[in-house]
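Q: Quick paste of what Swiss-Prot says about this protein:
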type     : residues               : note
ACT_SITE : Asp82                  : active site
ACT_SITE : Glu144                 : active site
BINDING  : His80, Asp112, Glu169  : Zn(2+) 1 binding site
BINDING  : Asp112, Glu145, His355 : Zn(2+) 2 binding site
Amino acid sequence: MKMNLPPFIELYRALIATPSISATDSALDQSNHTLINLLAGWFGDLGFHVEVQPVPGTLNKFNMLARIGEGKGGLLLAGHTDTVPFDDGRWTRDPFTLTEHDNKLYGLGTADMKGFFAFILDALRDIDPTKLTKPLYVLATADEETTMAGAKYFSESTQIRPDCAIIGEPTSLQPVRAHKGHMSNAIRIQGQSGHSSDPSRGVNAIELMHEAISHLLVLRNTLQERYHNPIFHIPYPTMNLGHIHGGDAANRICGCCELHMDIRPLPGITLNDLDGLLSEALEPVSQRWPGRLTISELHPPIPGYECPPDHRLVSVVEKLLGTKTEIVNYCTEAPFIQTLCPTLVLGPGSIEQAHQPDEYIDTKFIKPTRELISQVIHHFCHH
């Protein structure tokens, strides 16, 4: 059966050659169905039980869960199938053709992160499934780069409860055990426009926004005082007021003003908590000016994530790699997978290459990544 599997570089080539862009712009957004079917075929050839799941609320997007071995617990290896769009003018190579040059493999998704599936498949050639005493799961998700709809749906709907999970995002093989979340909102104030010669005939949205901002700055201080986690370089939740637009002329009362802001919560603060704090902070403005203030999401929010430092997954991986776990500033699917089991983010390639023109992975990662995957499968599925 394993003889059917193409060589490592051909697996990689086929993954990169199968476009799977996710984008908020529907003109650029693509289904990942072809890629999911490709993966499903390969894992099926290796004797895995494969399930392909449509992701509700998406346009033709799918998750794949492959399982081999029986029983409870085990290990989940996870990754996303989608890539960001590419800027044609800034790429010097074809994004969908795997190109090797100067010990680098170039292509869209080489580092972030379709290539991870080639590493998993390659490592599985040498593993005898009859020797597994616990199940090995491989999860391929949709839309990580936009809404994280695939990971969210999977974590809410699956029955599996592995002992632990590894998400193969490009961390240069440095294990990551925590990151903050991200929530971005638009605060919109609807005033009443009119000529500036008679202020009493209008409601100035800029003045109301000034009031709203003063309440937001109080909330910013509250977040800083109330929440603290020393593992982070900035040990409290941050708030940034990033963009504001209102009015159209000096001699007109401003009829509408909109502020875009973000909050980066620590692990342990739920998205519901944050929504509540934001609404509560702006409630005095809403009460004074009924119906004039609205809060909306700019992007789907992501909670913070932390894997307990004393979990066996952390000690095993730190020992295998001879390095300590790290904390990072970017967001991943880990908060959703962490609801099922302790999760680390750990994979080949550098985050510096993600979302860049001429994206690549250094070939120096090939051997250690293959070894690491074999070792963690052996450790968590053979005992």
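From the backbone N, Cα and C atoms, a Cβ is placed for every residue, glycine too.
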Q: Around the recorded Zn(2+) 2 site, report the further residues of that chain (criterion: Cβ within 8 Å of the mean position of the Cβ atoms of Asp112, Glu145, His355; site residues excluded), sequence-ordered.
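A: Residues close to the Zn(2+) 2 site, other than Asp112, Glu145, His355: Thr83, Val84, Met113, Ala354.
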Q: Out of His80, His355, which of the binding-site residues is least crowded by other Cβ atoms within 10 Å?
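A: Relative to the other binding-site residues in His80, His355, His355 has the fewest Cβ atoms within 10 Å.
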Q: Starting from the Cα of Glu144 (active site), work out which of the recorded positions (Asp82, Glu169, His355) are within 10 Å.
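A: Checking each Cα against Glu144 (active site), the hits are Asp82.
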Q: Could you measure between Asp112 (Zn(2+) 1 binding site) and Glu145 (Zn(2+) 2 binding site) for me? Cα positions, answer in whole angstrom.
A: 10
Q: Of Glu145, Glu169, His355, which is closest to Asp82 (active site) if I measure between C-alpha atoms? They're all binding-site residues.
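A: Given the candidates Glu145, Glu169, His355, the nearest one is Glu145.
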Q: Across all chains shown, how many C-beta atoms besides its own are within 10 angstroms of the C-beta of Glu144 (active site)?
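A: If we count other Cβ atoms within 10 Å of Glu144 (active site), we arrive at 25.
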Q: For Glu169 (Zn(2+) 1 binding site), write down the residues of its own chain that are at least 6 apart in sequence and whose Cβ falls under 8 Å from its Cβ; none is a fine answer.
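A: Glu169 (Zn(2+) 1 binding site) has long-range Cβ partners Gly79, Asp112, Met113, Phe116, Val176, Thr332, Val345, Leu346, Gly347, Ile351.
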Q: What's the number of neighbouring CB atoms sitting within 10 A of the CB on Asp112 (Zn(2+) 1 binding site)?
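A: Asp112 (Zn(2+) 1 binding site) is surrounded by 27 other Cβ atoms within 10 Å.
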Q: Determine which residues of this chain, when His80, Asp112, Glu169 are set aside, have a Cβ within 8 Å of the centroid of the Zn(2+) 1 site's Cβ atoms, and list them as they appear in the sequence.
A: Gly79, Met113, Phe116, Glu144, Glu145, Ile167, Gly168, Pro170, Thr332, Gly347, Ala354
Q: For a quick check of understanding: among the recorded positions Asp82, Glu145, which residue's Cβ has the most other Cβ atoms within 10 Å?
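A: When each Cβ's neighbours within 10 Å are tallied, Asp82 tops the list.
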Q: What's the CA-CA gap between His355 (Zn(2+) 2 binding site) and His80 (Zn(2+) 1 binding site) in angstrom, rounded?
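A: That comes out at 14 Å between the alpha carbons.
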